Amino acid sequence: MEKQDMMLTNMLNMDKGEKEGEREKGRAEGPGDEEEGTQQENGRLTLADSLSEKGTKRLSSGSGQQVSNGFNTSTPQSPKEGPGGAACSGGAASAPGSGPGATVPPGGLRTLVVQQTSLDRPRETWSKKMDFLLSVIGYAVDLGNVWRFPYICYQNGGGAFLLPYLLMAIFGGVPLFYMELALGQFHRSGCISIWKHICPIFKGIGFAICIIALYVAFYYNTIMAWALYYLLSSFRPTLPWTTCSNSWNTANCNLYMSTDHNVSWSNSSTSPAEEFYTRQVLQVHRSEGLHQLGSVSWQLALCLLFIFTIVYFSIWKGVKTSGKVVWVTATFPYLVLLVLLVRGATLPGAWRGVVFYLKPDWQKLLSTTVWIDAAAQIFFSLGPGFGVLLAFASYNPFHNNCYKDALITSSVNCLTSFLSGFVIFTMLGYMAEMRQQDVGSVAKDAGPSLLFIIYAEALANMPAATFFSIIFFLMIIMLGLDSTFAGLEGVITAMIDEFPQLLSKRREWFVLGLVCVCFLGALSTLTYGGAFVVKLFEEYATGPAIITVVLLEVIAVSWFYGTNRFCNDIHLMLGFYPGCFWRICWVAICPCFLLFIIISFLAFPPEVRLFDYHFPPWTTALGYCIGISSFICVPAYMVFYLLTAKGTFKERLLKSITPVPSGDQYREYIVTNAV
């Protein structure tokens, strides 16, 4: 501060007839010559002419909003002050006619604006706007859009399910999505360090998010390893899941091709695709359950190693490299979905699947389960709370229109889920036609089984089965890769922002260590009973914990940081204030939306089973322990903060809920009547 005051004094003593080059030289020769180059690069002086009233003023907002975060902004969005008293200039408040070549009217007052920005090196940004949009779309559109939404849709009333789904998206999912993008873009920080600017005592939320992201990486990438196994097995004239003469097949294997009209399908029958998935890929028959997982499958271990190798070289350099990779991984799935939709629509029985998918059952809307499933689906589909949206938005330009980005990406995500339903159910209708069964009997499997058994078998019975199998499983891998890139980038950004001196120049090594930890943590999912571990993580490790974390996040932002202050931040970035709808959603509707999901989960715990294995009661306790292991960071940090802070208990408590102004990194002075 003393250095800046001396700089200000030197500037006021400059002769007003000096040229711009001499002013630059005078600025560099102020106190602190050892940082001369850095100040010239990061400091900026703007000389403005003004006929403003006499006096000395400092440009600030009434609610502590100051353009900061280490990002120089030079284009004002709006010259007006909003209800919050924010001067929405967004940067150097230069008057018209200011600049190096400005002419000072005789007798006019002169305004000197001294602006000192952070001396840290500037934050990395996306190369193109589309890099950001594709990264967010690739993160939001994942495997759940392909297998979970279609299953939940037909299970909860078909077309009638779209009503609660859209309502939950409008009043719950999209406001949360928008909130995280705006927070990340304004504060330009990851999910840990951002909390000192919002509500310091809630910093444990950031650590909890990082642990949850690791749990997701432990099991999510294993599903891609399964898909890679299928992809490699597809490079042969006859797909291995089309015959019953393989070493892994049993006597119950029933070869039911479209030409085998003499073969009858019974409840005890198993298809070649089901036995390939359970007995060859997973080998679950060699495990008795979670209490005896068996050894690691070396084939799956090699597949997972290859997946993590791709992940490492895609994110090791930051968003500059991952932003280029998503041009392939985020767009290729849409091309494959369109190809499969056109092909599926031409198959016999496809219309049966579409009717089954969309036929509304309005009576089911009276069931609480339908609304619970709609809320959970839209929440996990858009994916707020995982730190990814905060990280991605933090690399945006300060004045990027994140409001429009939120609407575009969330809409694309919901439409992709709807489109995937057609792709899946045209194939299910075709399978029902082949087996001469109802579509409901064919579509009894959910989750990965829907893709790796039902859909794989449908592909195998089509002409050009090898080609369609290759592109389908390649699509599954790319859908998963996008989400993995995003999830790990959220952790990487959070840790580097929290420990910049230690990690900022060692990013490649840190990413390598993180990927190795994820690979080692995933070894339990590669055992013969690994599918049971995947199911356990999916049900308990992420769901309840992340919803509770996001609930606390919304409360911290809306109630402690304040909706008015948050809206003023958005006004500084975008030039307009969020409407009443968004304010009401953030303050009241979103917390109720999340609380509804949490209470429903506790009131109606899911019955966890996989194939013929029912998870024993002790696994429920184990699952809750895994979930609590991440959430415990929140109260633990609160206690740590209150114990280590200085002052009386009242002073500590007040400090714990008082945000540290981002303006500490960005100071701007306006001095009038300068000669």
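Glycine is treated like the rest: Cβ placed from N, Cα and C.
For reference, TrEMBL has these:
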type	residues	note
REGION	1-107	region 'Disordered'
COMPBIAS	15-30	compositional bias 'Basic and acidic residues'
COMPBIAS	58-78	compositional bias 'Polar residues'
TRANSMEM	132-150	transmembrane segment
BINDING	G138, A140, V141, N145, S381, N413, L479, D482, S483	Na(+) binding site
TRANSMEM	162-183	transmembrane segment
TRANSMEM	204-232	transmembrane segment
TRANSMEM	296-313	transmembrane segment
TRANSMEM	325-351	transmembrane segment
TRANSMEM	371-395	transmembrane segment
TRANSMEM	407-432	transmembrane segment
TRANSMEM	452-479	transmembrane segment
TRANSMEM	509-534	transmembrane segment
TRANSMEM	540-561	transmembrane segment
TRANSMEM	581-601	transmembrane segment
TRANSMEM	621-643	transmembrane segment
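Listed by sequence, the residues of this chain that lie at least six past the ends of the transmembrane segment (452-479) yet keep a Cβ under 8 A from its Cβ atoms are 141-143, 145-146, 224, 226-228, 230-231, 234-237, 239, 241-242, 257-258, 271-274, 276-277, 281, 307, 328-330, 332-333, 336-337, 339-340, 343, 347, 424, 427-428, 430-431, 434, 442-443, 445. When other Cβ atoms within 10 Å of the Cβ of V141 (Na(+) binding site) are tallied across all protein chains shown, the result is 27. In the structure as shown, the Cβ atom of S483 (Na(+) binding site) sits within 10 Å of 25 other Cβ atoms.
Summary of the Na(+) site environment: with the site residues G138, A140, V141, N145, S381, N413, L479, D482, S483 set aside, the chain residues having Cβ atoms within 8 Å of the Cβ mean position are I137, Y139, D142, G144, G383, T416. Cβ environment of S381 (Na(+) binding site): A140, G144, N145, F149, G173, N413, C414, S417 lie under 8 Å away, each six or more residues apart in the same chain.
Close to L479 (Na(+) binding site) in the fold, though at least 6 residues off in sequence, lie V141, D142, L143, N145, V146, P333, each with a CB less than 8 Å from its CB.
Highlighted: of the candidate stretches 162-183, 204-232, 407-432, 509-534, 581-601, 407-432 has the greatest count of Cβ pairs under 8 Å to the transmembrane segment (132-150). Taking Cβ-Cβ distances under 8 Å and a sequence separation of 6 or more, the neighbours of G138 (Na(+) binding site) in its chain are V326, T329, A330, D482, S483, F485, A486. Residues 153, 194, 198, 365, 370-371, 374-375, 377-379, 381-382, 384-385, 389-390, 392-393, 402-403, 405-407, 409-410, 414, 418, 550, 554, 557, 566, 569-570, 573, 582, 585-586, 589-590, 593-594 of the same chain lie 6 or more positions beyond the ends of the transmembrane segment (162-183) yet place their CB under 8 Å from a CB of it.
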